[in-house]
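These notes are about the structure you will find just below.
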Amino acid sequence: MSSTTAGLIFLAVLVAALVAVHVPLGDYMFRVYTTDRDLATERTIYRLIGVDARSEQTWGAYARGVLAFSSVSIIFLFVLQLVQGKLPLHLHDPATKMTPSLAWNTAVSFVTNTNWQAYSGETTQGHLVQMAGLAVQNFVSAAVGMAVAVALVRGFARRRTGELGNFWVDLVRGTLRILLPISIVGAVLLVAGGAIQNFHLHDQVVTTLGGTAQTIPGGPVASQEVIKELATNGGGFYNANSAHPFENPTAWTNWLEVFLILVIGFSLPRTFGRMVGNPKQGYAIASVMASLYLLSTGFMLWFQLQHHGTVPSAVGAAMEGVEQRFGVPDSGVFAAATTLTSTGAVDSAHDSLTSLGGMITMFNMQLGEVAPGGTGSGLYGMLVLAVITVFVAGLMVGRTPEYLGKKINPREIKLAASYFLVTPLIVLTGTAIAMALPGERAGMANSGPHGLSEVLYAFTSAANNNGSAFAGLSANTEWYNTALGLAMAFGRFLPIVLVLALAGSLARQGSTPDSAGTLPTHRPQFVGMVAGVTLIVVALTFLPMLALGPLAEGIH
């Protein structure tokens, strides 16, 4: 069987599995966020933090909860990294010194669900930091994203109220009832597939295929690997990330990791449909996500399987930076999934992708990561796009736009438009400043279009909370640590505040009955319109920069 055929089977089985779990997992998450029953563990947590689980919050109080929790998390993780040398399970001789700027960058990175890593995990962070710091944030940062998405859905579903739920309840439920159970099962499957799970502080000896001995650091890898993918975090225990055989040993575990990356994102539209009382609306949103996902994955495989250049022509594909145990097709599917979500994990070297393959990964992030996007953030990003789409459609027919019975008034469209201005402003401004500073240009391993692509990729990844990188950029400097940390923080929390403000504005409205002029938002026509608006918005915003970077490199 050729690698291309194997890759197509890999993709077909993946799609079939995602379709199979869409309804049951989506319905389960609907019950999690709508039930009035609390688990005993949850009631204990609420008592400890002084939360009344039955009280609800306005959008402002909900946003303050998100910001307060995230701020405390950043401070805790920042301090934990700086003092790890005095704590148990620390590395006695770390290869990279944890400076304040690197600790800031890493703390913001994991709290914002970005997991940008300007260091080698296995030689910089001790096991206690990995478990009590980074892995914990892998859970709760994703739970924050799901909570915000659910709050926006409540804004569409509720009528004439200022309340959107309780952030602390949504946070705890998302962590304990959704992320933790799936992670336990996934970790067992990864260990069964060959991923390691131990507490070896020092190097463990392994035998290579050539029969020689090699020493590699061990650690609690499988437990962190599963939540890294499931919660679309992406930060690896090892510098090689999911290309490392201790994290991702076989083609089977590679398939499982891609499935984990996509499963919650593609199931949340079902939750949305159930919560607004119309499952067809959820199918429409899922169809937009699926269309963009398959389109991107198809282009990625096409560009990576083209035989341009001497070496690719000789081996039949662009094999540079690709693990032979996965092959080009499987790695292409992984690369598309990890950049269409906010994951950023890699099983191949993205800096070694073909120029157009690298452009696809950047374009995926610049879409706003909505196909299916990050855990929670993909759904609320897609719903904001739906709001913009009905506004554009309303302009064409000359009537006030409506979505799910809610009028899209000037306030709502201003909030939606502002949401999609945040990330481009951060990406383009950050890239321009970096290219204007001689010292930061010196951090590029390549000159010309590919050098620009390295910097553009870094700010695109940071602002969209992805975390993957073109490895040719030396990012562990005071300037990049600070600038990318700010990009991650603003790229995460400004959109969240705007989404919650939009949810609050929608919740205060009554319901507008459908009329003959109401745009049906559950039909293929609307699916095509949302996909078209998404592609047009991104093309108009980023095409000039892409033309100077990967497109120019591809033409050359």
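Each residue, glycine too, has its Cβ placed from N, Cα and C.
Annotated transmembrane segment per Swiss-Prot: 6-26 (among others), in sequence order.
Feature annotation from Swiss-Prot assigns transmembrane segment to 65-85 (among others); the stated evidence is sequence analysis.
Feature annotation from Swiss-Prot assigns transmembrane segment to 133-153 (among others).
Panel annotation: around the transmembrane segment (176-196), residues 28-29, 32, 39, 41-42, 139, 142-143, 146, 218-219, 221-223, 225-227, 229-231, 245-250, 252-253, 256, 260, 263-264 of the same chain, lying at least six beyond its termini, place a Cβ under 8 Å from a Cβ of the stretch. Sequence annotations record features per position, and here Swiss-Prot assigns transmembrane segment to 176-196 (among others).
Residues annotated as transmembrane segment in Swiss-Prot: 249-269 (among others).
Residues annotated as transmembrane segment in Swiss-Prot: 283-303 (among others).
Taking Cβ pairs closer than 8 Å, the transmembrane segment (378-398) reaches residues 148-149, 152-153, 156, 265, 268-269, 272, 285, 288-289, 341-342, 368-372, 408, 412-413, 416-417, 419-420, 495, 499, 502, 517, 519, 521, 526, 529-530, 533-534, 537 in its own chain, all 6 or more past its ends. Among the features that Swiss-Prot reports, transmembrane segment is placed at 378-398 (among others), with the record citing sequence analysis.
Annotation source Swiss-Prot lists transmembrane segment at 419-439 (among others), citing sequence analysis.
Counting same-chain residues at least six beyond the ends of the transmembrane segment (483-503), those with a Cβ under 8 angstroms from any Cβ of the stretch are 59-60, 62-63, 66-67, 70, 104-105, 108-109, 112-114, 116, 118, 148, 151-152, 154-156, 164, 377, 380-381, 384, 387, 412, 415-416, 418-419, 422-423, 426-427, 430, 433-434, 458-459, 462-465, 475. Here Swiss-Prot flags 483-503 (among others) as transmembrane segment.
Taken from Swiss-Prot, the feature transmembrane segment covers 526-546 (among others).
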Segment proximity, the transmembrane segment (526-546) to the transmembrane segment (249-269), 3 or more C-beta pairs under 8 Å: no
Cβ contacts under 8 Å made by the transmembrane segment (283-303) with residues that lie 6+ beyond its boundaries: 7, 11, 15, 22, 262, 265-266, 269-270, 272-273, 328-329, 332-333, 335-337, 340, 353-354, 356-357, 360-361, 363-364, 367, 370-373, 378-379, 382-383, 385-386, 521-524, 526-527, 530-531, 534-535
